[in-house]
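Some features that TrEMBL has for this protein:
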{"type": "SIGNAL", "residues": "1-21", "note": "signal peptide"}
{"type": "DOMAIN", "residues": "23-105", "note": "domain 'BIG2'"}
{"type": "DOMAIN", "residues": "110-190", "note": "domain 'BIG2'"}
{"type": "DOMAIN", "residues": "195-276", "note": "domain 'BIG2'"}
{"type": "DOMAIN", "residues": "279-361", "note": "domain 'BIG2'"}
{"type": "DOMAIN", "residues": "366-446", "note": "domain 'BIG2'"}
{"type": "DOMAIN", "residues": "451-533", "note": "domain 'BIG2'"}
{"type": "DOMAIN", "residues": "538-618", "note": "domain 'BIG2'"}
{"type": "DOMAIN", "residues": "623-703", "note": "domain 'BIG2'"}
{"type": "DOMAIN", "residues": "708-787", "note": "domain 'BIG2'"}
{"type": "DOMAIN", "residues": "794-875", "note": "domain 'BIG2'"}
{"type": "DOMAIN", "residues": "881-961", "note": "domain 'BIG2'"}
Amino acid sequence: MKTTPLLLLALLAACAPQPQAERVETLRISPANGRVARGESLRYVATALLSTGEVRDVTNETVWTIDDDFVGVTTGGSSVVQGVNMGRTRVRAQYLDLMDARPLDVVQPQYRALRLEPSQLLVPLGLELPIRLVAIASDGTEVDVTAEASVTLSQPELASVRAGRITPLRPGVVTVELTAKDLAVSAQLVVTDAIVAGLELRAEQGDLPAGFSQQLSARATLSDGQQLDVTRAAVWSSEAPAIGTVDASGRFVGVAPGSVRITATTGGVTAAASVKVTDAVPMALAADASPQRLPAGLRTSLRALATMSDGSLRDVSSQVTWSNEDASKLEQQGSWARGLVVGSVTVTASLGSLSASTRVEVIDAVLTRVTMAPLRALPLGASWQAAALAHWSDGTTSNVSRVTAWQVNDPTVASVDAEGLVTARHVGQAQLIGFFGGQVVVTRFTVTPAALSSLDVSPSSLRLVRGSTAQVRVTATWTDGTRLDVPPQSCVWATPVAQVASVSPLGLVTARSPGAGRVFVTCLGIRRVVQVRVPDVFVVDVTLTPQAPSLPVGFGRNMTLRAALSDGSSQDVTFSALWRTTDPSIAVASAGVVSAARVGTTTLRAEFGGEHAETPVIVTSGVLQSLELTPSTLRATPGQTLSVTALGRFSDGATLDMTSELLWASADETIATVNAGALHAIALGDVEISASAGDVLATAQLSVVAPSLSYLVLSPAPALPVGRSHDLTLQGVMNDGSVQTLTSAAQWSSSVPGVAAFSSTAGRVSAVSPGAAIVTARIGQFTTSLNLFVTGATPASLSLDASSQTLALSESARLTAWAYYSDGSRFDVTAECTWLVANGAVVSVSPSGHAQALAAGSSTITAQWGNFSGSTTLQVSAAPTVLALSVVGGEFVQPGDTASFTAWAEYSDGTTREVTAEATWSSSNAAVLSSTGGGTFSAVAPGTATVTATLGAQSGSATVTVIVN
């Protein structure tokens with residue numbers, strides 16, 4: 001028999017060893033011992049060991065469960081576990097027929113920072129200053145730890161601190177350090193011998209209905225001009241307790257209609273204010289939650305607003321009774337609620353016979369990021385309202401400002417209250433820090449010495465139908481060009497004709513009855529007036545737009561309600577109307593915004609002036625498919641601000657303006673920054689701007705270019721005596737409104753060179769002979785001219801001025817020599833003088849008139865100019881000693897970042913000076929933060945370090961925490 005080669009190959013193949021089938025032998029999940037704070041999330045990983053020895057990640061193919069969903073929940077069936085309540089449970093994973101289970105501990109959120117209230121520690125002798133210390137947890141919750149804090153004073157002989165009260169003993173500056181929860185915060189306490197010279201009382205909400213309460217405040221003005229909040233230090237009393245009472249903290253309660261005189265006394269000074277208790281009663285109630293959508297374990301803030309019979313709005317959040325329909329899904333804690341289990345819950349606020357509901361959605365998602373509007377610069381004395389935005393893993397966002405805990409790392413530079421209102425205190429650098437859901441968000445800012453330039457109100461006049469409201473906004477412009485909205489709570493609001501229109505402490509104007517009135521607003525020491533007219537008309541109809549809006553779950557849409565009036569005019573009454581939906585489980589409405597909770601259709605109803613309008617609201621399951629930015633290509637000049645709008649397109653065909661709900665980013669923040677669609681150009685260059693929601697992304701291109709010239713402006717010139725010269729200044733006004741000095745770039749000419757001629761120095765014109773000439777500056781196609789007159793006046797005298805005639809050691813003064821002519825004109829001839837110093841050991845003078853103090857004593861300085869001379873005497877005092885040293889710049893930084901600090905010295909002569917370069921710098925923990933010299937440090941690894949600056953016998957310090965965010 002013959003065997004073919006093919007058959008032999010087949011036999012050999014059959015005898016060869018066969019590969020074994022791949023099988024999973026072991027499943028392991030990690031971490032082996034999970035630990036997560038309440039309100040935070042932890043991601044598990046599942047790995048399979050195969051029979052081949054290969055280890056494979058099977059996290060996404062594994063089924064995840066948890067034993068006790070009261071303690072923790074899995075998110076979207078994924079490996080991400082959210083801590084809900086403190087306790088222990090087990091996380092289980094199943095892959096094919098294999099299982100593994102590991103313990104999970106949900107623990108108390110870690111305390112991350114301390115906030116001292118007040119942040120400005122100033123107390124006169126004879127008064128006590130109450131203080132409060134708040135510990136901020138990683139989930140944004142706050143705890144008062146004043147009673148458990150330990151206190152250290154750098155100079156105990158100057159003050160004592162006990163039971164939350166500072167008692168001053170002697171004038172001076174002392175460093176106070178408070179420690180609690182293994183954290184520390186320090187502040188400079190100034191004990192002054194100034195006395196209370198004046199006292200001002202202020203009511204939080206103006207007139208008050210009987211049965212309601214409000215906070216009164218007392219602010220003292222000291223004899224040295226400084227101001228101090230003495231609300232908790234004052235002794236309060238009511239002259240008519242039957243009308244209204246006031247407790248020791250200044251909390252006023254209205255008892256019966258009428259006016260009551262309230263007095264406060266502190267430091268021997270008494271002030272009084274009249275508080276009116278009205279007979280207004282609640283007519284309607286509205287409720288909202290912020291955020292309205294949140295994962296299990298996190299908190300939401302509940303708010304209730306009452307519309308009173310006098311047309312005013314009043315926050316009654318602390319006076320209503322809160323309840324919800326399902327305590328297993330939402331834990332109620334007064335005006336706070338915390339999500340427990342995924343689902344939708346109706347929360348109700350009740351006040352007497354009135355009630356209002358809002359919907360809180362506990363979502364199957366986790367917090368991925370918290371962002372905050374950047375704050376770059378804040379002028380001294382200005383305020384700014386911080387806002388925080390939470391980005392959830394399902395691609396939606398929520399405003400979480402009301403549940404974010406706020407802190408400023410250096411309270412000597414700026415302060416922040418519990419609501420996120422930042423106020424600039426002293427020139428320097430600081431960080432605003434927000435804590436929410438286990439994440440930290442930080443923005444660095446500089447307090448500048450810019451002065452207030454102007455204050456504008458908008459609108460400056462109002463026409464309001466009775467019962468409607470309007471918000472007055474205040475904008476401040478500063479000398480450095482900064483333009484900021486002034487938070488209304490930092491202003492004083494008043495109206496002399498309250499029966500026509502009233503105004504709340506937040507600038508909300510309410511029309512009460514026909515007539516003409518005025519609203520006065522005082523901000524930053526400047527008063528403005530808003531004219532208010534309430535016509536004698538009534539509402540005949542209201543119109544609601546858009547009609548039949550469609551929106552996906554998790555998103556909101558702005559609605560508009562417009563009232564047609566009996567005189568044929570109309571008015572937007574969106575924010576004055578009462579909004580409600582027939583099924584809050586599908587959508588809820590508040591202040592003109594309808595928010596979708598679950599798929600379905602409900603009816604939206606808006607009421608105002610006895611009329612109402614309705615429209616169906618369709619909530620869909622549409623998924624965001626794309627984003628479109630408009631415009632997609634932009635050009636700006638440095639310093640300019642532009643707006644971009646983001647339109648979202650959904651799978652069901654719906655479109656939504658999502659500008660305020662997206663995560664915005666700039667590819668290079670040195671060129672431009674972006675927040676909620678507002679672009680701010682900084683430096684020349686091209687940069688990509690992106691906006692995203694989950695995996696959906698859109699981009700726009702921004703080119704920051706140099707501005708182009710629009711026209712030229714030439715500075716006026718005085719009449720010049722023969723022989724004198726004058727430097728003209730040429731400025732170019734650019735197409736973006738900015739102004740640039742272009743003197744050296746111009747071509748200069750004179751119509752009569754025999755009268756006035758230009759030298760080789762750009763813009764310098766010399767008087768040659770008496771007469772008149774036209775001088776012209778040209779840049780390309782742009783020209784500008786002015787008339788120049790040359791006189792025959794002759795020199796008559798010389799005088800010498802000094803910017804300061806009393807100097808401390810190492811200080812300097814600017815000397816200016818003025819030549820007076822026979823026609824009364826004068827000219828600066830400082831650079832043309834010869835200088836004589838009577839005592840060169842005390843003062844030296846440069847050829848440019850710069851006088852430098854060298855030693856204690858006095859010396860006469862003489863300026864010689866031709867045949868004329870002028871003299872002045874300078875007095876040099878002994879060098880002041882350093883009384884205290886403070887360090888500005890304690891920060892939260894990440895590994896690899898650079899932290900910069902400045903040192904400020906307070907001297908015995910009352911001056912304060914930056915001494916960063918002169919000070920010696922050190923770090924308490926070089927493994928965390930290492931010094932690179934001159935007040936700069938490099939963040940090395942996570943941990944905490946104390947930075948210390950030393951100058952002579954004084955030292956100051958700041959704490960730095962290096963975190964991985």
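Each Cβ is built from the backbone N, Cα and C atoms, and glycine gets one as well.
Contacts between the domain 'BIG2' (366-446) and the domain 'BIG2' (110-190): present, as 3 or more C-beta pairs lie under 8 angstroms, all at sequence separation of six or more.
Remark: the domain 'BIG2' (881-961) makes no contact with the domain 'BIG2' (451-533), by the rule of 3 or more CB pairs under 8 A.
In this model, the domain 'BIG2' (708-787) carries an average pLDDT of 90.
In terms of DSSP helix, strand and coil, the domain 'BIG2' (708-787) has 3 helix, 45 strand, 32 coil.
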